[in-house]
Amino acid sequence: MKPIFLIGYMGCGKSTLGRNVARMTGLQFIDLDNFIEARFHASVKEIFASRGEEGFRDIERRMLIETSDFQDVIVACGGGTPCFFDNMEIMNSKGVTVYLDASLEKLHTRLMRGRHKRPLIAGMESEQLREFIVKALESRMPYYSKASMVFRSDLLENEAEVGETASRFISQLGLTAKESDI
Ligand SMILES: Nc1ncnc2c1ncn2[C@@H]1O[C@H](COP(=O)(O)OP(=O)(O)O)[C@@H](O)[C@H]1O
Ligand SMILES: O=C(O)C1=C[C@@H](OP(=O)(O)O)[C@@H](O)[C@H](O)C1
Ligand SMILES: [Mg+2]
């Protein structure tokens with residue numbers, strides 16, 4: 001099966017959902033940020049600091065091209081992955097892209113908690129973060145809207161319910177869950 005690429009704004013749940021769907025289906029899971037970190041022996045934050053965003057985007061593109069040749073894999077992209085170079089065209093030609101759609105409120109709540117490891121928003125105060133998300137969503141939407149499918153990823157309230165979201169994803173995409181997870 002060709003790769004499934006999860007795309008969407010920071011905090012929409014790409015890494016969490018991808019990991020759970022992989023566990024429940026037996027597909028291989030790749031988190032593009034972690035894939036980069038393992039290859040370069042540095043965190044995303046460190047790569048931004050040492051090479052700038054431009055350096056990170058070059059690396060991200062190279063790593064994306066590698067993963068696009070894999071089979072039976074679900075790839076959680078970074079929020080910016082589809083918005084640079086022809087990355088979106090590569091993903092759409094080599095696999096299936098799924099946009100994870102979450103409300104502004106949900107993104108804001110999740111990112112207030114998890115902003116420290118994300119260099120673009122680390123250190124922002126609540127209102128500043130909200131405005132940043134609104135602007136970024138507006139400028140990134142033309143790329144995100146090229147996805148082959150949309151999946152609502154903010155319906156559940158807490159992490160204990162992520163399994164339910166993963167089950168819904170599996171049935172929406174027509175994937176097969178492993179027997180132990182049915
Ligand atoms: N479906 C969900 N329901 C509840 N919480 C979620 C869900 N998906 C993600 N989260 C929480 O939101 C935060 C951001 O999720 P993450 O998977 O890191 O997003 P992304 O990779 O898109 O930036 C994490 O703290 C995670 O536990
Ligand atoms: O939106 C972005 O530009 C980024 C999103 C991050 O991934 P997540 O979307 O998984 O947080 C990570 O790739 C980097 O911090 C840049
Ligand atoms: Mg992620």
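Here the Cβ of each residue, glycine as well, is placed from N, Cα and C on the backbone.
A TrEMBL annotation is a machine prediction, not a hand-curated record.
According to TrEMBL, the protein has these features:
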- Gly11, Cys12, Gly13, Lys14, Ser15, Thr16, Arg118: ATP binding site (BINDING)
- Ser15: Mg(2+) binding site (BINDING)
- Asp33, Arg57, Gly79, Arg140: substrate binding site (BINDING)
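Positions of TrEMBL features highlighted on the structure.
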{"residue": "Gly11", "record": "ATP binding site", "CB count, 10 Å": "26"}
{"residue": "Cys12", "record": "ATP binding site", "CB count, 10 Å": "25"}
{"residue": "Gly13", "record": "ATP binding site", "CB count, 10 Å": "26"}
{"residue": "Ser15", "record": "ATP binding site", "CB count, 10 Å": "18"}
{"residue": "Thr16", "record": "ATP binding site", "CB count, 10 Å": "20"}
{"residue": "Asp33", "record": "substrate binding site", "CB count, 10 Å": "23"}
{"residue": "Arg57", "record": "substrate binding site", "CB count, 10 Å": "18"}
{"residue": "Gly79", "record": "substrate binding site", "CB count, 10 Å": "20"}
{"residue": "Arg118", "record": "ATP binding site", "CB count, 10 Å": "18"}
{"residue": "Arg140", "record": "substrate binding site", "CB count, 10 Å": "17"}
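Only Gly79, from the binding-site residues Asp33, Arg57, Gly79, Arg140, place their Cα within 10 Å of the Cα belonging to Cys12 (ATP binding site). Proximity of the binding-site residues Cys12, Lys14, Ser15, Gly79, Arg118, Arg140 to ligand 3, judged by a Cβ distance under 6 angstroms to any of its atoms, singles out Lys14, Ser15 in sequence order. In sequence order, Gly8, Met10, Leu17, Ala76, Gly79, Leu100, Arg110 are the same-chain residues whose CB sits within 8 A of the CB centroid of Gly11, Cys12, Gly13, Lys14, Ser15, Thr16, Arg118, the residues recorded for ATP being left out. Other C-beta atoms found within 10 angstroms of the C-beta of Lys14 (ATP binding site) number 28, with every protein chain shown included.
Closest by Cα distance to Gly13 (ATP binding site), from the binding-site residues Asp33, Arg57, Gly79, Arg140, is Gly79. Checked against Gly11 (ATP binding site) by C-alpha proximity, the binding-site residues Asp33, Arg57, Gly79, Arg140 yield Gly79 as the nearest. Ligand 2 lies within reach of Asp33, Gly79, Arg118 from the binding-site residues Gly13, Asp33, Arg57, Gly79, Arg118, judged by a C-beta closer than 6 angstroms to any of its atoms.
With a cut-off of 6 Å between Cβ and the nearest atom of ligand 1, the binding-site residues Ser15, Thr16, Arg118 reduce to Ser15, Thr16. For Arg57 (substrate binding site) paired with Arg118 (ATP binding site), the C-alpha to C-alpha distance reads 14 Å.
Counting in whole angstrom, Thr16 (ATP binding site) lies 13 from Asp33 (substrate binding site) by their C-alpha atoms. Taking Asp33, Gly79, Arg140 as the binding-site residues under consideration, the smallest Cα distance to Lys14 (ATP binding site) is found for Gly79. Arg118 (ATP binding site) sits 10 Å from Gly79 (substrate binding site), counting Cα to Cα.
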